[in-house]
Amino acid sequence: MGFQGGVADEESGTQLSTKSKFRYNSPLVQVSLIGLVCFCCPGMFNALSGMGGGGQVDPTAANNANTALYSAFAVFGILGGGIYNVLGPHLTLAAGCSTYVLYAGSFLYYNHHKHQAFAIVAGGLLGVGAGLLWAGEGAIMTSYPPPNRKGTYISLFWSIFNMGGVIGGLLPFILNYHRNEAASVNDATYIGFMCFMSAGTLLSFAILPPNKVVRDDGTRCTNVKYSSVSTEGAEILKLFFNWKMLLIVPAAWASNFFYSYQFNNVNGLLFNLRTRGLNNVFYWGAQMLGSIGIGYILDFSFQSRRMRGFVGIGVVALLGSAIWGGGLANQLPYSHDHPPTRLDFKESAFAGPFVLYFSYGLLDAMFQSMVYWVIGALADDSQTLSRYSGFYKGVQSAGAAVAWQVDTHKVPLLSQLIVNWSLTTVSYPLLVLLVMLAVKDDKKTEEETPKEATVPASNKDIYTANST
């Protein structure tokens, strides 16, 4: 297959080479599109959450809404992979994206009426929608790219997605710049978030199903037909007894557990309103840098894929220990009972806590990109990876649901930090063991790929996307 694709390139010169990179049905374009969808929906949600308390003075409503969100997400994250395999990308992604608009609207309502009920219900519905969206995203991001470039594509997705948090952080910073003493963001901020989320819902219809996506070597990503409910139910149950998934559980639980601490008790407690928005620009910008850096290590640092995995996990472990150590030093001077004086970005004392919050963003992207790379290295077909990704997001969300209630019940801040640091630390040796036992080196993968590649695409398929 690869040889025929090379001949086609030689016969047609550089023009076809350019088209093959940016054609609509290429993995590059499709991963970029799912990145834009997540830029508009979860990217803006991250910016809203990152302000602490959903942009409100009292974080109680946001904490309760997030508990409802992540409780539902824990269930539908696990079920989402099966739902994606039955419904396909269009219905799954569009249904998921639409719930983000409702969630942002509930805080617009809360700005005027201070009733938690709407925010909590909207949070629960968003948990259902987020489970669908992220299961589909995980399947696309891990199964569409070539096996030896998954780290690069994961970093591409993560960069586009987190640009949403950067733009979303600018919104409250600009719209509330002259309200540095104000506690809650204005209506225009929530309306801006809703506009972006609506655009993401529409954009989700541009995603192609896996059997219509063609890699540069002329093979389709997968040839599986849409599954049945009974099949998916059985396969999802098997995940709870799958030793590979069990080794991922601590990393999955840890990977969103720290958000409540970082957003509410670092950004939310240490800084005033406009500075929190500015911090989020750099927090999510740091995620772009972190994903690019770890993506390079996981794809290009060594010829052996297993060695790249070991090195990547080692780098994240060392950097994570240093950053959480800095977090400990920052946390010791203040607590719930002795809150700090809120800082403005124009003050000299701003620099140290700002660098720490930036570093938390860097570590988050590196940690999650690393876990996604490991998941992507366990299989290459869309159906299996959608289930694996759904399981990861489900466990991740169960951890987050617990974390938001931990914060609501005012657990000591130092205890929260120590638990977060411990959870991430425990996950590193288990991921090393998983790579050691389950990840094959590139040479084996390349030898097997031509035999496993399904349904060769004609030249017409390679250069012309079929619309749906």
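The backbone N, Cα and C atoms fix where each Cβ goes, glycine too.
Per TrEMBL, transmembrane segment is recorded for 28-48, 68-86, 93-110, 116-135, 156-177, 189-208, 245-261, 281-298, 310-334, 354-378, 418-439. Per TrEMBL, the feature region 'Disordered' maps to 445-468.
Listed stretches 28-48, 189-208, 245-261 were compared with the transmembrane segment (156-177); the greatest number of C-beta pairs under 8 angstroms is found for 28-48. Sequence-distant contacts of the transmembrane segment (28-48), counting only residues of its own chain at least 6 positions beyond either end whose CB sits under 8 Å from a CB of the stretch, comprise 21-22, 54-55, 93, 96-97, 100, 103-104, 107, 126, 130, 133-134, 136-137, 140-141, 144-145, 153, 156-165, 167-169, 171-172, 193, 196-197, 199-201, 203-204, 206-208, 213, 280, 284. Sequence-distant contacts of the transmembrane segment (189-208), counting only residues of its own chain at least 6 positions beyond either end whose CB sits under 8 Å from a CB of the stretch, comprise 24-25, 30, 33-34, 36-41, 43-45, 47-48, 55, 89-90, 93-94, 96-98, 100-101, 104-105, 107-108, 111, 136, 140, 164, 167-168, 171-172, 175-176, 465-466, 468.
Sequence-distant contacts of the transmembrane segment (245-261) (same chain, six or more residues past either end, CB-CB distance under 8 Å): 49, 63, 66, 70, 239, 360, 364, 367-368, 371, 374-375, 388, 391-393, 395-400, 402-404, 406-407, 413, 416-417, 419-420, 423-424, 426-427, 430-431, 433-434. Using a Cβ-Cβ cut-off under 8 Å and counting only residues 6 or more beyond its ends in the same chain, the transmembrane segment (281-298) has close neighbours at 43, 46-47, 50, 150-152, 154-156, 158-159, 162-166, 168-170, 173, 267, 308-309, 311-312, 315-316, 354, 357-366, 369-370, 373.
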